[in-house]
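K.L.:
Before anything else, here's the structure in question.
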């Protein structure tokens with residue numbers, strides 16, 4: 001079995017689904033944003049503000065190479081922009097959590113949105129969302145309709161794996 005890699009726009013439920021998949025399949029769960037935050041000692045927002053997005057993307061790209069070296073399969077929850085890296089391909093079996101922009105914004109509280117620097121300007125965030133959708137679809141082994149909530153997303157993911 002390869003890594004099970006969850007991709008999708010920020011707020012689409014990747015972290016929550018990763019936890020549930022990990023439990024269901026008895027696999028360790030890794031979260032790329034959390035790993036980077038712990039290593040740098042700053043939140044993702046802090047990294048963006050103090051070190052810049054380019055440095056965050058460099059940390060992310062280096063982490064992809066590290067994850068490819070792991071022997072055992074993991075469930076990996078990724079940051080929304082991870083698919084922009086040329087070394088992303090081959091990380092594992094990818095599941096795109098597809099959800100419309102309006103639903104994502106409704107799901108995230110104001111406090112949650114404040115943690116995500118790329119959601120500061122909703123017009124720009126929607127443009128980014130639309131730009132990335134094609135990349136998510138292109139890089140997806142499977143597409144999960146995440147509109148129906150966590151239980152339905154988990155059921156779809158497990159059916160794809162079976």
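Positions of Cβ are set from backbone N, Cα and C atoms, glycine also.
According to Swiss-Prot:
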- 11, 12, 13, 14, 15, 16, 116: ATP binding site (BINDING)
- 15: Mg(2+) binding site (BINDING)
- 33, 57, 80, 132: substrate binding site (BINDING)
K.L.:
Considering only the binding-site residues 33, 57, 80, 132, which fall within 10 Å of residue 14 (ATP binding site) when distances are taken between Cα atoms?
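P.N.:
Checking Cα-Cα distances against residue 14 (ATP binding site), the binding-site residues within 10 Å turn out to be 80.
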K.L.:
List, in sequence order, the same-chain residues at least six positions removed whose CB sits under 8 Å from that of residue 12 (ATP binding site)?
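P.N.:
Result: 80, 97, 98, 99, 104, 146.
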K.L.:
Express in Å, rounded to the nearest integer, the largest CA to CA distance found among the substrate-binding residues 33, 57, 80, 132 named in the record.
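P.N.:
Across 33, 57, 80, 132, the widest Cα separation comes out at 18 Å.
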K.L.:
Based on Cα coordinates, which of the following binding-site residues are within 10 Å of residue 11 (ATP binding site): 33, 57, 132?
P.N.:
none
K.L.:
Quick one: Cα separation, residue 33 (substrate binding site) versus residue 15 (ATP binding site), in Å?
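P.N.:
The Cα atom of residue 33 (substrate binding site) is 10 Å away from the Cα atom of residue 15 (ATP binding site).
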K.L.:
Which one is closest to residue 132 (substrate binding site) in space, judged by CA to CA distance, out of the binding-site residues 13, 15, 16?
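P.N.:
Nearest by Cα distance to residue 132 (substrate binding site): 13.
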K.L.:
Taking only the Cα atoms, work out how far residue 13 (ATP binding site) lies from residue 57 (substrate binding site), in Å, as a whole number.
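P.N.:
Residue 13 (ATP binding site) and residue 57 (substrate binding site) have their Cα atoms 21 Å apart.
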K.L.:
Return only the integer: C-alpha distance in Å from residue 15 (ATP binding site) to residue 57 (substrate binding site).
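P.N.:
Residue 15 (ATP binding site) and residue 57 (substrate binding site) have their Cα atoms 19 Å apart.
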K.L.:
Taking the Cβ of residue 80 (substrate binding site) as the centre, how many other Cβ atoms fall within a 10 Å radius?
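P.N.:
Neighbour count, Cβ to Cβ under the 10 Å cut-off: 22.
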K.L.:
Does DSSP put residue 12 (ATP binding site) in a helix, in a strand, or in coil?
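P.N.:
In the DSSP reduction, residue 12 (ATP binding site) maps to coil.
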K.L.:
Once near-sequence residues are set aside, which residues in the chain of residue 16 (ATP binding site), 6 or more away, have Cβ atoms under 8 Å from its Cβ?
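P.N.:
Result: 150.
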